[in-house]
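Taking it in order: structure first as structure tokens, then the write-up.
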Amino acid sequence: MAESTRPLLTDSNSPPPRSLDDTIETYIGSFGWAQFLQAALVSFSGVFDAQQTFISVFTDFEPTWHCTGRSEPGSICHESVSNICILPKTAWSWDFLPHVSVISEWNLQCAGSFVKGLPESSFFVGCLIGGLILSTLADSSLGRKNMLFLSCLVMSLSTMLTVFSPNIWVYAFLRFVNGFGRATIGTCALVLSTELVGKKWRGRVGIMSFFGFMLGFLSLPFMAYINRGNSWRVLYIWTSIPTMLYCVLVRFFVCESPRWLFVRGRREEAISILKKVASIPKTSDVNYDGAIFMSFSSLPFEKEEEDYEKPSVNIYESMKVLVGKRWALKRLSAVMAVAFGIGLVYYGMPLALSDLDFNIYLSAAFNALMDLPANLITLFLVDKLSRRNALIGFTALGGVSSVLIFALQNMRIGNHGALQLALELISYFSACSAFNMEMIYTIELFPTCVRNSAIAMARQALVLGGVFSPIMVAAGRKNGFWSFGLFGLAIGLLGLCVVGLPETRGSDLCDTMDEEECKDRQSNNLIVNDVIA
């Protein structure tokens, strides 16, 4: 699996590596079993992330009901009555026991849409606030591993506490805490897994975290189906205990990013981790350590260790750096705009499945399965696809499919339910593929010192789309333009924002803003020279 790269320490006349990418690939190889196991373990966090993101589909739904007396047109309760709030409580009953859902257990069937949607809205608001507060800690003081551990721990504990919620208000608060905790899981997992490998495998390893998220989403309808008829609290128990066990694995078996340690000036720790995940045979520990240390010292952008170890009084330093550079702000604005459009479709389409009148378990499973072809296509074509063009293509396909659903809803002839579902799956598949490419593109657009913050902001924009999508879905039940129509227009038009960004396929990962800016200038000069020639 590892490349047959020849270590520098076997040839004293070999020039030193020119970048941190070269150093990592020279001494540990592009990809080996140790790196694979680390990336797989880190990416598995996506399973628990997805479960908490979509669990409300099966815990907060409104159960079906039936009339308790004779259902006749002249009676109080009959088949044409769709609003149980106008009926006396003795005239109807739930099809299952009340504890199967939050709505039925706490008698929220006649509450306003704000109260019914409060837990889900609180979760996404928690994601937004948690992302803003915690995003830069992985770049500054905590690092990738510790941030991943802390996020999973908060998410698992809040999930377990949710089981004991006595009312909707406590339940909504705990969902807020849950969203706050999980806000940085996807970002940390993606960055940590890709920073442990060489550039040749970076795109493929990045897809592993998306596979984890897909497995988590796919596991939910199966768990919910097994739990059907039982309390919604059981589903939270089933998803909290494995997450707690995973936290133990992260604490003791996951390695910190050697890139982050090096940028922070902690070279001895970086060398130690490079030795652990090395896939290239080494002659001796002494010569190996010395060779790597000399390679680090020869890198032109290295600073003194003391410069990194001074505590920062502002954890948002990396965000200030991002908005302080014009080229960085342009890139960040573009990827956030695209992510917002993707988020509307990614979170909105599963919520709108009820408008297509399909079984809740099957429809959720079909949508989860759409992650599989999206991940496979990205996995096998990531080295061949232009990041920019692929992102534009996927967002355009998702936009057209979504708008076609709205068009079919307005056709009064025939039953287009199956065709609508097919278009919905295509649109959701396109959003998944666009999201995969967006994350890989963002990794390559920003240097190590701000990469985690940039990806976190892109994910924040994605979650912001999730905040608006339930409102649009609710409005779309009366007029499909406000859901499927706007979903399509948003993702299609916002996808064009990346037109002016540079192509990054096959490029080296930079570690400082100066290095990235220098590479950008060189790229622009080459373009100018080609035009003149």
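Just so it is clear, glycine is given a Cβ too, placed from its N, Cα and C backbone atoms.
As given in TrEMBL:
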- 35-506: domain 'Major facilitator superfamily (MFS) profile' (DOMAIN)
- 121-138: transmembrane segment (TRANSMEM)
- 150-174: transmembrane segment (TRANSMEM)
- 180-198: transmembrane segment (TRANSMEM)
- 205-226: transmembrane segment (TRANSMEM)
- 232-254: transmembrane segment (TRANSMEM)
- 328-348: transmembrane segment (TRANSMEM)
- 360-382: transmembrane segment (TRANSMEM)
- 389-409: transmembrane segment (TRANSMEM)
- 421-443: transmembrane segment (TRANSMEM)
- 455-475: transmembrane segment (TRANSMEM)
- 481-501: transmembrane segment (TRANSMEM)
| message | Out of 150-174, 328-348, 360-382, 455-475, 481-501, what stretch is closest in contact terms to the transmembrane segment (232-254), meaning most Cβ pairs under 8 angstroms? | response | 150-174
| request: Please give the sequence-distant neighbours of the transmembrane segment (328-348): residues at least 6 beyond its ends with Cβ less than 8 Å from one of its Cβ atoms. | output: 321-322, 391, 395, 398, 402, 427-428, 430-432, 434-435, 438, 441-442, 445-446, 450, 454, 457-466, 468-470, 472-473, 483, 486-487, 490-495, 497-498, 500-501, 513, 516
| request: Six or more residues out from either end of the transmembrane segment (389-409), which same-chain residues have a Cβ under 8 Å from its Cβ atoms? | output: 338, 341-342, 345, 349, 381, 416, 419-420, 423-424, 426-431, 433-434, 437-438, 441, 480-481, 483-485, 487-496, 498-499
| said: Restricting to the domain 'Major facilitator superfamily (MFS) profile' (35-506), what is the model's mean pLDDT? | reply: 81
